[in-house]
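Sequence annotations record features per position, and here TrEMBL assigns transmembrane segment to 61-80, 140-160, 166-187, 194-217, 254-272, 279-300, 339-359, 397-421, 428-449, 469-493. Sequence annotations record features per position, and here TrEMBL assigns domain 'STAS' to 539-645.
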Amino acid sequence: MCSLPNESFSIELQQLDADDVSGRKQRTEWLLNSPAQPSFCNELINSVTETVLPQKNSKQYGGGAVFSFLQGLFPILSWGRNYKANMFKHDLLAGLTLASLCIPQSIGYANLANLAPQYGLYTSVVPPLIYAVMGSSRELAIGPVAVVSLLLSAMITEIVDPAVDPIAYTSLVFTVTFFAGTFQTAFGLLRLGFLVDFLSHAAIVGFMGGAAIVIGLQQLKGLIGINHFTTKTDVMSVFKAVFTSFHNETLSPLNFVLGCSFLIFILATRFLGKRNKKLFWLPAIAPLLSVILSTLMVYLTKADQHGVKIVKHFKGGLNPSSVHQLQFNGPHLGEVAKIGLICALVALTEAIAVGRSFASMKGYHLDGNKEMVAMGFMNIVGSLSSCYTATGSFSRTAVNFSAGCETVVSNIVMAITVFISLELLTKLLYYTPLAILASVILSALPGLIDINEAYHIWKVDKMDFLVCIGAFFGVLFVSVEIGLLVAVSISFARIILDTIRASTEVQGRLPGTTDTFCDITQYPGATRTSGILIIRINSGSLCFANATSIRERMLKLVTEANGSEENTKENVHFLVLDMSNVMSLDTSGIAVLEELHRELVSRTIQLAIGNPRLRVINKMKTAKCFEKLGKGWIFLTIGDAIDACLSLKIADPSSINC
């Protein structure tokens, strides 16, 4: 039935002996007797435990299990033991510098979110304090950010118009914040950080660029002094609103002159700060200085009586409770929960990306799941104390880093400074012009538009660039949530295509090695073993989406190998399937393996499986797949599978399919 081994075949067989056969059988037994995976409940408990408990042995601190739990939940108990006075000097300077930037930005972002200005300052008090005791990043500056403020404004205004019912609008904002915090906490405890990764780097670049332009266009309301403005965020609606205002409203050019003058001043200080690193404090205090100077100018010249729009009423004092404002039984609960989920994902993506980038500069690791728990808890508490969704800010974190912060104590200093401002200075902000708040926000937007990175994405990966421009144009011309949906949809489509089009490769042995096999296309010098075809599945999953196409591709490779001129002397009698890359298997994958085995048997070809992973082994044992494929044809390594095929072939060429 089979031809006798040729001379090169005999040289390979000389390497086989009785010890190899017994060792190969023993290794197969190890593989088949792999321990069962933990149950779903055990995995869930282990996931929560790994998130809230530190990796270090808590016994060195003498606290036992309770202290270990507290140390995992509150990292300040760990690093706080080694905190020194000289570190506080740096944190104090960084915190004060941070507060000088945070105060005007927080007021501006509250205005962007269609909230009263004090809510921006409230959000810069409670969340930073919570994060300081629960967060693990040393540099991350917590507070309101432009993108989340825009998300809230764009999506909640579709439910309630803030101009018609500001109380109901504010209540929905707090409820969204509560849901966002709940989702973030759940993601962290269940170790679902991979959900954030669905907003890929390319999607974030495009989304941030589009959002920056939309935010900038929204500031035309304050910069020009428009009374009636659209609640929509797309470019066409904004331009239409601006065009209409020029015909239907009496606009004062003083708003535009005042806003542009201080915008130029802020950008000039930023330029000086980049040219001279010692002047890092100058661009940080420029926004606050602009607010102070412009407020004095309006107060002394009574410019508000000549058309300059001002903040007017500004409520200060300690954060009031907002527990009674949360709405869990209204008609819009489903929509509010959806908005909370979107805000949770966007806020986490920005904060974790910023935190990890600065952590890598300082040479320490940031646990994404613990960050999620910290941010979730701070937003839950924030929603109960008149705060809206907070996260890590890139611009303020960069200032915090440049100011030389050592720990998150800088966030505590910033929060205390903002609280003092709420207690003592809010009455002085009555005459603050809205055009200045617009200029403060506009000055922070250039950092969100990264043209160089978009060009880099285009050069490296065209499909990623499609995700990038999909998010960009979706945000720009439709809405913020549509932009996110387009980016995630294209990313999902790419994942599905990559899964369906999972490749297979024919492998050969590298010359001069005994157990190294690689793709013969990538390494043309790799040699095939006569009568044996080695195929590796290049997919992390063998499932319903790709199993049939993989089976057809393997059968095609077998047919091509038998029909090629190189194999006219001897056809394929063994197919060795390398499953080292396959991490999961479903019932469709198991059914396809059994179908493949039956098809190969009909062609007098024996199927051998090499290097299956633990999850795959357990699924195949549960489905009793080994009884159908044959336990003797499951191997720990590809080398063992090749040796077994060679042994059977030389011992009894007529029994290879028995």
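Just so it is clear, glycine is given a Cβ too, placed from its N, Cα and C backbone atoms.
The domain 'STAS' (539-645): residue composition by secondary structure is 61 helix, 16 strand, 30 coil, according to DSSP.
Through the fold, the transmembrane segment (279-300) approaches residues 97-98, 100-101, 103-105, 107, 258, 262, 265-266, 269-270, 272-273, 308, 310, 399, 402-403, 428-429, 431-433, 435-437, 439-440, 443 of its own chain, all at least 6 residues removed from its boundaries and within a Cβ separation under 8 Å. Among the stretches 140-160, 166-187, 254-272, 428-449, the one making the largest number of Cβ pairs under 8 Å with the transmembrane segment (469-493) is 140-160. Under 8 Å from some Cβ of the transmembrane segment (140-160) lie the Cβ atoms of residues 98, 102, 105-106, 109-110, 112-114, 120, 123-124, 127-128, 131, 168-169, 172-173, 176, 207-208, 211-212, 214-215, 218, 231-233, 332, 335-336, 339, 342-343, 346-347, 350-351, 354-355, 358, 378, 388-393, 396-397, 399-400, 408, 410-411, 414, 441, 444-445, 448, 479-481, all in the same chain and six or more residues away from its ends. Ranked by the number of CB pairs under 8 Å to the transmembrane segment (194-217), the listed stretches 254-272, 339-359, 428-449 are led by 428-449. With a threshold of 8 Å between CB atoms, the same-chain residues lying at least 6 positions outside the transmembrane segment (166-187) that come near it are 113-116, 119, 152, 156-157, 159-160, 193, 195-196, 322, 325-328, 332, 336-337, 339-341, 343-345, 347-348, 369, 372-373, 375-384, 386-389. Looking at the domain 'STAS' (539-645) alone, the prediction's average pLDDT is 87. Residues of the same chain lying 6 or more positions beyond the ends of the transmembrane segment (428-449) and with a Cβ under 8 Å from any Cβ of it are 104-105, 107-109, 111-112, 117, 146-147, 208-209, 211-213, 215-216, 219-223, 225, 255-256, 258-260, 262-263, 266-267, 270, 287, 290-291, 294-295, 298-299, 303-304, 308-314, 394-395, 398.
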